[in-house]
Structure formats: C-alpha cells, structure tokens
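Quick look at what TrEMBL lists:
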| type | residues | note |
| --- | --- | --- |
| SIGNAL | 1-20 | signal peptide |
| TRANSMEM | 49-67 | transmembrane segment |
| TRANSMEM | 187-207 | transmembrane segment |
| TRANSMEM | 227-246 | transmembrane segment |
| TRANSMEM | 273-294 | transmembrane segment |
| TRANSMEM | 314-341 | transmembrane segment |
| TRANSMEM | 348-368 | transmembrane segment |
| TRANSMEM | 412-432 | transmembrane segment |
| TRANSMEM | 444-464 | transmembrane segment |
Amino acid sequence: AFTSMLCGFLGMMIATFSNARTTLACADGGQQAYTLGFNIAFRGGSVMGYALCSLGVLILWLLLTFYRTIYPEADDWEILFDCAAGYGLGGSTVAMFGRVGGGIYTKAADVGADLVGKVVAGLDEDDPNNPATIADNVGDNVGDIAGMGADLFGSFAESTCAALVIAAAAVEGSHNTLSEAGWDAMLFPLAISAAGIVICILCGFVATNVSPVKEEKDIETVLKVQMVLTAVLMLPVIYYLATVLLPHEFRLEGVRLTEDGRPAKISGSPYKCFICATMGCIGGLIIGLVTEYFTSHSYVPTRELASACKFGTAVNIIQGLALGYKSCIVPVFVLSSAIYVSFQLCDLYGIALAALGMLATLSCGLTIDGFGPISDNAGGIAEMAEFGPEVRRRTDALDAAGNTTAAIGKGFAIGSAALVSLALYGAFVVRLRVKTGVNILEPVTFAFLIIGCMVPYWFAALTMKSVGK
C-alpha cells in the first residue's frame, strides 16, 4: 500500500512539473517544437512508469530477503511466500480507492467544466474565465496517473505473488519441486519483471534520441514502435532467464483432478514457462494494438463515430456504445487463448506467468499512459496562458495521441487483471488443499456465478451515477 501511494504521489508531482514545460516547449521550440514537447511529456510519464516498477520489484525483493532470514529452510518457503502474498493485497487495496476515487473525480471535473463552460457560458475549452478548468486539469493527474498507476501496480504485485505462492506449494510425495531447485528458481517471476525494466529503459532512448518525433504524424508511430519493440525484445530475454534460472524439469501441484480425485501432478520445463509468458506478452501487445485501432483518430471506427455526431446526441451515444462493446471481442478471444494454452502447459503457474508476461513491459506502458494527461494539461495551460492557436494545435496533436495511449493502458490493466484474478483464485485453491474441484452444475454455484457476472454492471452503474451527480 505504501509503495503504491508513494509512486502515485511521485508521478503526480512530476506530471505537474512537466505539463507547463511541455507548453513552453511547444511555444518556444520553433522547428523542434514537436520533438521537444514530445520528449518532455514522454520523460515526465516515464518517471511514474519506472518508479512504480523498480520500487515494486525492489521492495518485494527486500521483503522476501527479510522473510528468508526467518524461514531459511526450503521446507518452510510455502509459509514464507504466503506471508509475502500480503504485498499484492496492499497494492490492490490502494488501487480500489485510487482507481475508483480518482476516476470519478477526473470524469466529474471534466464533465462539470464542459457543462458550465461550453454549454452554459459558451466559452472555449480550458478558457481562463472558467475556474472549473483547474479542477479538470487536476483530475487528469489524479485519475490517469495516480489511479492508473495504482491499478496496474495492484495487478503487477498480485501476479508476482500468485506465481510465487503457486511455485512454493509442495507436491506431496514428489521430488524435483521448484523449492528443491533453490532460491533462484523460486524468484524467476521477479526476474521477468526486473528484466522488463531494463528493456523498457533501452527502448525509451529509441523514442527520444534514435528516431524522435519531428512532425505531427510521427507522434502515434513513435508510441506504437515503443509498444511493439519492448514486447518483441522481451521474448529472448524471458527465454534466457527461463533456461538459466529454472531446472530442466520440475513438478507442480495443479488444480486439475485425476480420475481418483487427487490433484494432478504437473510437470513443467523452462520451454513451457517461456511459452506461457510469451502468450501473455504477445497477448498484451495485441490487446494494446486493438485498443489503439478502436480509439485512435487515425482509423475508421473513431472517424465513423465523429461523422455520426452530425446527426445529434442520441446517434452519437448509440454508436459510441456499440463501438465500445465491439472493441471487446478480440481481447476476449486473446485472453481465452492465453488462459487455455497456459493452463494446458503449466496449470495455474502458467496463468500467473502469462499475467507476468503481459505486465513485463509495464514500465513502457505506464510511460505512454502518463504521457496523455501531461499533454492534455499542457493544452489547458496554453489556453489559460493565452498562447496563440499554433501552440494549442501542437499540444492538441500530442493530446490526441495521449488519449489513445491512455485507452491502451486501460486495455493492459483489464487484460492482466483477468489473468491475475484467475491465478490468485487458483493459488488460494492450491494452498487450501481442496481435493474436489468447483462444480459449476451445483445450483448454488451456478446461481452465484450469474450474480457475480451482474456485479460489474451494478458497480459500473454506481460509478457512472456518481459522475452524473
């Protein structure tokens, strides 16, 4: 909880310092205005990304090292990793308040500022005569930087803890377990996250130094190259870590049952673990690209929605909802295939590794996510400081790309959360030593499954109502 709050605070502080500097770069940069403006916003966002991932890994590693002094024997590591699972819980607790509280605040402030400014008073967006503009700009920081950071940190910490708990679960009457292979094999999930930070740092130089933004049309391309490059470079690194840290073959306790009702013994290998992590990594990339397709102003769906606005509010709302529902189809198939393949290969450990693979490039994802609100606020500051229309045009170009990238961050958050929740539930079942599986055909189970499916809609209705108020 402390790590999550600290990173959110740091991210918001830096974003607030960066947005005015981005405005100045767009105003005074001359021919290099786009390059300077993009680089400042990108580096401002990277503070949140790298602080969150590196502090997350560091503090979890320190916790595990401390617990290891209390439980030095491999036989006791089950208890050790059970204790460490509290780390993920703390991250999720803050995420709940940060994401929902921040999300309601940012949207309520945004809608409020537009209603009183554009609709009632007939002012331009971010007009200095509208005091709600300040609330709108603050909201972007609270919701998209602190809220999104807390949300993804919760997934990040939980997926790591779930993988550690599952790996430590002792297999009754079996050798070749991961705990027997040693401490290094146990920390394989943590190594993936740590390696991801280094890969993202190296790729960050591509965006700011190797092939920087020179004109407006470069902005989206540079951000997309970041996503693809980090995901592709992670694959050989994960393979190397798997072959170095994991034993040639190891046994895990699964949740699938054999014919006599006992938990199945799963046999894992470095190659199987690599495939599981790859499913997550590539799956995350596909979800990100699909999200970009549905939200970017460069592609057909958003342009169709824009033309629908000519026919009034009702058509806009209907088209927008339809577009939103349609955008879920590919991500759901991607998640289903990642779950199926990972579960077949390494049972629940595979699913936890798939979630970690998806979050391996989290530093880059959060950097691109932080870029959005910084650019958005830079536009607001340009308007309030009464800079010329050319400056606003430049900040709007950055902001348009930033809105798309913010949606990509949400796609990652949702995809990883689905995998993490499944892995955590599985870890819970493994540690309970439940000998019978959950039977969906039990009346109580089936009834509450339907209720569970309804809860997100209930929750969404309440949060939307809060924005409306």
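Cβ atoms are placed via backbone N, Cα and C, with glycine included.
Keep in mind that what you see is a predicted model, and the values were worked out from it rather than measured.
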Go through 49-67, 227-246, 314-341, 412-432, 444-464 and flag the stretch with the largest number of C-beta pairs under 8 Å relative to the transmembrane segment (348-368).
412-432
Could you tell me what the rest of the chain brings near the transmembrane segment (314-341), counting residues at least six beyond its ends with Cβ under 8 Å?
275-276, 279-280, 283, 286-287, 290-291, 294-295, 301, 304-305, 308, 350-351, 354, 358, 411, 414-415, 418-419, 422
Non-local residues, at least 6 beyond the ends, that sit with Cβ under 8 Å of the transmembrane segment (412-432)
78, 82, 85, 88, 148, 151-152, 155-156, 158-159, 161-163, 165-166, 169, 253-255, 263, 280, 283-284, 287-288, 331, 334-335, 338-339, 347-348, 351-352, 354-355, 358-359, 362, 365, 438
